[in-house]
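Taken from Swiss-Prot, the feature signal peptide applies to 1-31. Swiss-Prot lists 43-63, 72-92, 93-113, 129-149, 151-171, 225-245, 257-276, 278-298, 308-328, 347-367 with the feature transmembrane segment, giving sequence analysis as the kind of evidence.
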């Protein structure tokens, strides 16, 4: 019986993680199609991460006033409207659409990470695996639709618009899982809790800031730096990791960029699903390893020391493994080490870290990618300006 509950918990949170992150991934995969080859891909990353970062930054001060039941319709509406606007392919409609999808992704991550406090490690494993699955499903499905099946970009994007309705499965949790005494019930109004939410309301903003400051060194800095380095690679360097098209298995240069994204997401999925089986306490290890990956890719982009795309594809896959491992180990450490009365607050608050690192990478990438591309053109490698 308990095994069945664990399986259901994992399955539900796997789906929540998948749907919450899939539009974010699809939008990044479509970056070259949304803005074309002449503009930095980090512009899309900036619009895809800034709203998510802002809502995560402000959430500790207001999220306790919104019941979980009321959050789900908000997530669905934002996601569906966002991807519909993005599918228009008009830059001035795409960018607001990306903002709406980003708000949904950030608010969804806070919501479901906080819910793992009630459901335990199986829910966190399911969530982490699902978010990793969103990477591979999102990037691979977009690659399949646009590169293999050659569907037009607008139709390909519209096909994702119905997926947020899967969030409605949340309302089945009470019947299929929470009714068991193994789990804490979520039936009571969230603002009547005697736990961390009530503490938030009574202690005020100053106390919240003090509690947040205790999370910076053990959790926030290592997770932020991992995401900083990997998204500098993905959006700032990877668009310039190109080779003569006739030496690759691809038809267009944009196919190389989309394939890099798929390989990265495959690595993320594998490590987010099974990374908890190799627990790592010192999260700074992942920061160092990801920094090494960034330096290697920068040197390839600038000096072109290998003419084999295979080595770069392997490196991008490995980069995904490191990123996914960092994420799952960070939140697993929180579940194991943080006092239960603080855990819900900590899980929601630390989620800002990945967005912070990604946001900084977006700003840096706007400068980095054009600089690398300019250098490549000057040395006889004009591929970064080709489609």
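In case you wondered, yes, glycine gets a Cβ from its N, Cα and C as well.
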Top partner of the transmembrane segment (225-245) among 93-113, 257-276, 278-298 - counted as Cβ pairs under 8 Å: 278-298
Candidates 43-63, 72-92, 129-149, 308-328, 347-367; stretch with most C-beta pairs under 8 Å toward the transmembrane segment (278-298): 308-328
Interface present between the transmembrane segment (347-367) and the transmembrane segment (43-63) (three or more C-beta pairs under 8 A): yes
Cβ contacts the transmembrane segment (72-92)/the transmembrane segment (308-328), at least three under 8 Å, sequence gap 6 or more: no
Selected stretch (most C-beta pairs under 8 A with the transmembrane segment (257-276)) from 93-113, 151-171, 308-328, 347-367: 308-328
For the transmembrane segment (347-367), sequence-distant contacts whose Cβ falls under 8 Å of one of its Cβ atoms, 6 or more beyond its ends: 40-43, 45-46, 49-50, 52-53, 56-57, 59-60, 63, 106, 109-110, 113-114, 116-117, 211-212, 215, 219-221, 223-232, 235-236, 327, 330-331, 334-335
